[in-house]
Amino acid sequence: MGAAASIQTTVTTINKKISEKLEQTASASATANCDINIGNIIFKKNKGCNVLVKNMCSANASAQLDAIVSAVREVYDQLTEQQKAYAPSLLTAALNIQTNVSTITQDFETYIKQKCNSDAVINNIINVQSLEVDECSAPPGQIMTFEFINTGTATGNCAMKSVLDVLTKSSDRVSGNQSTGNDFSKYLYIIGGIICFLILLYYAKKLFFMSTNDKVKVLLAKKPDVHWTTYIDTYFRSSPVLV
């Protein structure tokens, strides 16, 4: 629950920070006409994840890129040391970036600018853009809500897609860890139940089924406690008569 809440907080913080940076740097506006509209957001596999689309469009693709990178950098700087240590593996899993805690923000910026400023992205003239997101799973019993900010340019949306990939991957990791923990707890309950059953079975056997030795002990216990003088009297009464 704590990890899930932490991820959702980070997602909300990043989206808020990106919106602020786009407004300040790229003069983006929610009311501006967007050259690109978002059509569909498709998950390869989805379990409890939602994506909301928010328009913050402008024509300055370069400024959009800088704003998104700057927002991510600021949020990363505010993470705990434990969260920072976890971040490089997320970028490797989501974006195939080999990085570490010391260089992660610079490596992320380099990746974004190389990928999203490529000719394949810049020259991709589209009106309606559909996005495909990898697997996303919310922690058990939770719903994870992500926000995709439509910048209105292919370059800006490319950067936003990379951010979304990392965030959904983080949710997937948390979900997997919590599911494993829940499975382990179930195993403990099962083992405990088996032990209790065996204990009850042992005592039931003691109550209703007796071994031969136990039966002999019970029979002996039922015999009256005869005083030794009784045996002497019995002997003399039953002794043969000598002629």
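Just so you know, glycine gets a Cβ as well, placed from its N, Cα and C.
The range from 2-12, 24-34, 35-45, 123-133 that Swiss-Prot describes as region 'Targeting to MV membrane' is residues 2-12. Between Cys49 and the candidates Cys136, Cys158, Cys196, Swiss-Prot records the disulphide pairing with Cys136. Per Swiss-Prot, Cys158 makes its disulfide bond with Cys116 among Cys57, Cys116. The DSSP secondary structure for Cys34 (disulfide bond) is coil. Of all the disulfide-bonded residues listed (Cys49, Cys116, Cys136), Cys49 has the fewest other CB atoms within 10 A of its CB. Distance noted between the C-alpha atoms of Cys158 (disulfide bond) and Cys49 (disulfide bond) is 20 Å.
Secondary structure from DSSP puts Cys158 (disulfide bond) in a helix.
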